[in-house]
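Here the structure comes first, spelled out in structure tokens, and everything after it is commentary.
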Amino acid sequence: MPNAKQIRSAPRALNRQSITGARASASTLMMAPATYAQAPLNYFLHAAGPAAYPTRTLDWIFTAICLAVCVIVTVLLIGALMRRRAPARPGEIGATGEGMRWIWIGVGVSVPLLAGMLVFALFTLQRVATPHESPALTVTVTAYDWWWKVSYPDARVPAQRFETANEIHIPVGEPVRIVLKSADVIHTFWVPRLAGKTQAIPGQANEQWIQADAPGVYRGQCSQFCGAQHAHMAFEVVAQSRADFANWSEQQARSTPVNVAPSVVAGQKIFLDRCAGCHAVRGTDATGALAPDLTHLNSRRLIAAGTLQNTAANQLDWVAHAQWIKPDARMPSIVLNREDAANLHAFLSTLN
Amino acid sequence: MTTDPPSPQSGASSMSHPEIPAFGRVPEWGRAPEGSATRKGLERLWETEPGWRGWLSTVDHKTIGLRYLITAFVFLLMGGVEALVMRLQLARPNATVLTPEQYNQLFTMHGVTMIFLYALPVLSGFSNYLWPLILGSRDMAFPRLNALSYWLFVFAGIFLYSSFPFGQSPNAGWFNYVPLSGLEYNTGPNVDVYALGMVLLGASTTVGSANFVVTLLRMRAPGMSLDRVPVLVWGTLTASGGNLLAVPVVSLAFFMLWLDRQFGTHFFDVLNGGRPLLWQHMFWMFAHPWVYAVVLPAMGIVSDALPVFCRRRLVGYTPVALATVATMIIGFIVWIHHMFATGIPALALAFFGSASMVISIPSAIATFAWLATIWTGRPVFKTPFFFFAGFVLLFVIGGVSGVMTAAVPLDWQLNDTYFVVAHLHYVLLGINVFPVIGGIYYWFPKFTGRMMSERLGKIGFWVMFVGFNLGFFPMHIAGLLGMPRRIYTYGADMGWNTVNMITSIGSFVFALGVLVFLLDLIYSYKRGPIAGDNPWDAPTLEWSVSSPPPPYNFATIPFIGSGHPLWESRLGHEMPSEARSELIEGYILDHGREALATTSLSAIPDAIIKMPSDAYSPFYLGLFSALLFAGLLLHVWWFAGACVIGIAASLIAWMWPERTLGQREPYPSVQEGGALG
Amino acid sequence: MWTLIATEAALFGYLIFSYLYLYAQYTGRWPPEGLPKLGTAGINTGVLLSSSVFVWLCEHFVKRRRSRLAAAAMSVGILLGGLFVGLQMKEYHDHHYGPSTHLYGSLYYTITGFHMLHVIVGLCVLIFLLICTGLNYFDDRRHSALTIGGMYWHFVDIVWLFIFSTLYLSPYVL
Ligand code: HEA
Ligand code: HEA
Ligand code: CUA
Ligand SMILES: [Cu+2]
């Protein structure tokens, strides 16, 4: 494991800017709302679907009540401290009033208030716990150390079922069921602007639902501590129109076409030698199941679970320095000579 | 004695009445003024041997209490420094002060240290020191168990830190969820250290708690019925009761985890039907009651000491005492609020969320009782008062953020974000650290005979108060902006840069305040003005003895007529006229180390108990237990076996004198020989 | 003493909770080896219960100042306790699974193991009490050690009843 000093002297691509979560740079999808760059996980100001609106309202009202309680108590406290009264004479013990009334009034006000808050919370719970209509689409998300496998098992024809990683596409305006599994430890699936969070626990399948009311990219994050790279376990939910979603699904279900350009063939050979133990590229002999499916690598905005922008340079950087970029990640840094790297690059660039 | 407290004299004569069979003999009744032969005799009986022998063998609750306090403070500083290093890493995005693995070990050890090695032990320190003094007794019920619980605590602390220097300390968070903490994902000794350390620490907590409960039931001064004990006693009592019921589950869980890791059992092993959620249930069934165990005594400190500075009695003693108990009881049925996001059916969540809101009601009672006490009192603005008054505000801020997380759908957002980190620091520092520091300002004169500096104290308070709020309030905002907890770094474009920078600055300001406090401690210990017996003019028994108290606490066992023995003459109409305590005359128990046992509810004298002498056995028992665990950790079975023999030998040494004691006095049941208990 | 019993009772309560929780969540056949055999364990339950009776008798006789009889009763109690340990060991021996074979095994051995540990501690206490009784250390006024030790032994017994019902009987009805 590299120590802090080694990380500091890590290779060039690791300039601060490139390890970005999600920058609103022009991406293939070009849908990031302007505020996205501000605080992509901010759920206090933003909500984008029916599983999140009620909670946001609840959040505001609870925050307001709680702030009010704090203010009232502060005022009472300052009042109690500053109130003018004859100071105690030395040795004198005694009160300027009984005080029990305070408890009666205080509790008398707090209890109905709390009861009201409770009822409100329970109503909200009821509204967000299940969707109002049954979801038309199911996505199975399996959490791995430290990335997300996303499967679309719905299609009736097996050939149209497919897997991708760290990027979940959903149609706008429809509830989507998310089935949560874990391949190793406990992780938590959380897309703050679309819904609350649910743990992905090995040995059981949890469910939750999300729905986006506007097209856009919504950032998600693993929030349950899951080991070394818990910090870099993000993902994105891309909401798009039904038609776009259909196109995307169809494209994702395709295998990689055969490409006979010599450098691609050479690159593919390297890939089969060095990468196929973990990664799959459908349409080739690479069928590894331990790591993200790379068949349509280039269709994604980010790689390495939200850690890097998906550019060709970053891809190569990642391959060569995975352990610098994400220390302890389950992918080794892979040393390639210049020529191999170029060929691999040629191959990777065909994975559209 | 609840109905008609007899005057001490009549109490004494009734004692000589043959119908009270429990006394083997009629104890002398009288006075023992300063410098009298009786006092010298008692001194000789109760004194600890000087030098290292006495140091290792003492069972004096005052020494043990101070040791608890100091040790816990050392751990606070260690945990604090760990936190500061973490704050360096988090101050800016993409910082590289720490590697992920280092960060993970640091925050885990920070949580473990603060929760287990600071927050509870520091309160045990207060209670150990104060209980016998407050209750009018010569010592705790089981002085040797007391020593044992301290030694076990120290050794468990050392044990937990033993792997820290090797970079192998626990690293799966303080709640240590499986399977991340299982063998498959955590191969080093890290988690084994945590697991075994917790079992060891659990033993310490259990014996300590048992001791408190029995002390309360048996060792109160005559006349101190349950409605006359200070709120601190209620707090520690409920906390101890809670511990007795809650600690076994965590010890068991950690033991099962250790079996899974070392002997291939399958409790948490998913492949063979084990369940990760079982761990979460077991952990929080313990840890939620526990978080109240680490605040109820501290709230008791405030309930007792705040009124002293308001020059009046606490408003609503009875409701506050009942609220303390109610909090603990409800505290046992809310654990699932830590597990809202685990996929448990919504109906169950609704129940546990509701219970978590209900638990605010007792807290509201206490809050308004404190406010009313200040409002209707005539405050004297001394340093401890600042800490207690500040505490009220911090308690409410921490409490209401708890109410927000108790709302199930909202917690689906807040859970595992910095909002929770903010909540837990507001409650833990607000309800534990602030009252504790206030408590030290308050009782320092009793501990040492010297006053602390008012000026440094007030400076320290303001620096801490400002630093604390500056540091931890923005964490709420970070949480609402979606910052997950336990991340070693974050990207620059996540919108968290400013809040984190402010938090880091605030943390260091707070640490500066702690530093001021430490300097004040050291300075005042050497140079502080002499305090006298009762510098704050406080009402409770501990202030009736000299500062620091003599080794035997009370030369004559006091007789209690009210909850405010030292204020009775001045409380006027608030106090029934027949309620008079007798502090000058009383039983003189000086045939060896003796104490008076009273009945559980109304504190009627019941028996004379022989208190054990100083002994090494608790130290050795603690040491061998720790070594046993070291043996288990390293799989050196012969060594572990040798330690078991050592433990058995210490136990025999421990029990030995009790038999002779028992032979001398007729009623072994109430003696230390309850050693079986 | 009551505090000790309370926390120990909590410990066994949590053990049984773990068993029931894991059982409720288990999808396969439970117990995997088929229903537990009641023979030995049933006898053992009787053995342990009767040993409790004898320990109680011992105290009873001490109160009547019949120390010989008391010592005899205690000896019988201890022998029965020993028998329990022996039978339980045989039971362990007869099982062809161990604590790491499967989840049920882990639970079975841990729960009964914890109990066994308590029985052994209890036996040590009883032996100590027997010696004291034999030395005429107790009489009608001074016997609280006996009461306390006895209480512990009864507690260990009662716990066994719970364990027996959970481990042996519940699979038949649940
Ligand atoms: C140290 C003590 C302590 C105390 C006293 C509390 C008090 C409370 N806690 Fe807290 N809690 C912790 C320590 C504590 N907590 C810790 C350490 C964690 C995190 C563990 C971890 O994950 O690492 C945690 C986490 C935690 C969670 C889980 C959050 C999550 O992980 O998602 C929840 C959820 O319900 C919760 C709720 C509460 C509630 C409702 C109270 C209530 O008791 C508060 C009651 C008090 C008041 C409400 C204030 C006074 C009342 C009034 C002035 C009346 C008026 C008020 C209103 C009308 C609102 N706490
Ligand atoms: C009583 C409990 C307690 C206390 C007092 C504190 C005190 C502090 N804690 Fe925390 N904290 C917890 C209990 C506590 N904590 C728990 C339970 C967790 C959860 C852990 C987990 O997730 O598993 C946590 C987690 C936690 C986190 C989140 C980590 C993460 O999720 O990634 C952070 C981050 O900022 C933090 C910061 C701090 C800071 C800055 C302080 C400051 O208040 C510290 C102030 C500093 C000092 C008190 C030391 C003073 C030092 C000097 C004056 C220097 C002199 C030195 C010498 C003489 C040697 N704590
Ligand atoms: Cu996965 Cu955190
Ligand atoms: Cu809780």
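Numbering starts at 1 and runs along the chain as it is shown here.
Glycine residues also receive a Cβ, built from the backbone N, Cα and C atoms like all the rest.
TrEMBL annotations: computationally assigned, not manually curated.
The domain 'Cytochrome oxidase subunit I profile' annotation in TrEMBL covers B:46-561.
Annotation source TrEMBL lists region 'Disordered' at B:1-35.
Long-range contacts of the transmembrane segment (B:66-86) within its own chain (CB-CB distance under 8 A, at least 6 residues past either end) are made by residues 97-98, 103, 106-107, 109-110, 113-114, 117-118, 121-122, 124-126, 128-129, 150, 153-154, 157, 161, 433, 440, 447, 507-508, 511, 514. TrEMBL lists B:66-86 (among others) with the feature transmembrane segment.
The transmembrane segment feature in TrEMBL is assigned to B:106-126 (among others). For the transmembrane segment (B:106-126), the residues of the chain that approach it from at least six positions outside its boundaries are 65-73, 75-76, 78-79, 82-83, 85-86, 98, 149, 153, 156-157, 160-161, 164, 169-174, 176, 194, 198, 201, 205, 208, 232, 236, 239, 290, 293-294, 297-298, 301, 428, 432, 436, 439, 443, 486, judged by C-beta separation under 8 angstroms.
Annotation source TrEMBL lists transmembrane segment at B:147-164 (among others). If one looks beyond the transmembrane segment (B:147-164) by at least 6 residues along the same chain, the residues whose Cβ comes under 8 Å of a Cβ in the stretch are 58-59, 64, 67-68, 71, 75, 78, 105, 109, 112-113, 116-117, 121, 124, 128, 170, 189-190, 193-194, 196-198, 200-201, 203-205, 207-208, 211, 615, 618-619, 621-623, 625-626, 629-630.
Among the features that TrEMBL reports, transmembrane segment is placed at B:193-217 (among others).
Taken from TrEMBL, the feature transmembrane segment applies to B:229-258 (among others).
The transmembrane segment feature in TrEMBL is assigned to B:278-302 (among others). Here the transmembrane segment (B:278-302) has Cβ contacts under 8 Å with residues 115, 119-120, 123, 126-127, 175-178, 230-236, 238-240, 242-243, 245-247, 249-250, 252-253, 257, 267-268, 324, 327-328, 331-332, 334-339, 342, 366, 370, 388, 391-392, 395, 427-428, 431-432, 435-436, 438-439, 442 of the same chain, all six or more residues outside its ends.
Residues 299, 302-303, 306-307, 310, 312, 314-316, 319-320, 322-324, 326-327, 330-331, 333-337, 340, 388, 392, 395-396, 399, 402-403, 406-408, 411 of the same chain sit 6 or more residues outside the transmembrane segment (B:348-373) yet have a Cβ under 8 Å from a Cβ within it. TrEMBL lists B:348-373 (among others) with the feature transmembrane segment.
Summarising the annotation, TrEMBL assigns transmembrane segment to B:385-404 (among others).
The transmembrane segment feature in TrEMBL is assigned to B:424-444 (among others). Sequence-distant contacts of the transmembrane segment (B:424-444) (same chain, at least 6 residues past either end, Cβ-Cβ under 8 Å): 69, 76, 114-115, 119, 122-123, 126, 129-130, 291, 294-295, 298-299, 301-302, 305, 308, 382-388, 390-391, 394-395, 397-399, 401-402, 450-452, 457, 464, 468, 472, 475, 517, 521, 524, 528, 536, 542.
Annotation source TrEMBL lists transmembrane segment at B:456-481 (among others).
Within the same chain, residues 77, 80, 83-84, 87-88, 90-92, 437, 440, 444, 452-453, 456-457, 459-472, 474-475, 478 sit at least 6 positions outside the transmembrane segment (B:501-523) and bring their C-beta atoms closer than 8 Å to a C-beta of that stretch. If you look up TrEMBL, you'll see B:501-523 (among others) marked as transmembrane segment.
Marked as transmembrane segment by TrEMBL: B:615-632 (among others).
Counting residues 6+ beyond its ends, the transmembrane segment (B:193-217) has Cβ neighbours under 8 Å at 108, 112, 116-117, 120, 124, 127, 131-132, 135, 137, 140-142, 145-146, 148-150, 152-153, 155-157, 159-160, 162-163, 168-170, 172, 176, 181, 229, 233, 236-237, 239-241, 243-244, 247-248, 250-251, 254-255, 257-258, 261, 600, 625-626, 629, 632-633, 674, 677 in the same chain. Averaged across the domain 'Cytochrome oxidase subunit I profile' (B:46-561), pLDDT for the predicted model comes to 93.
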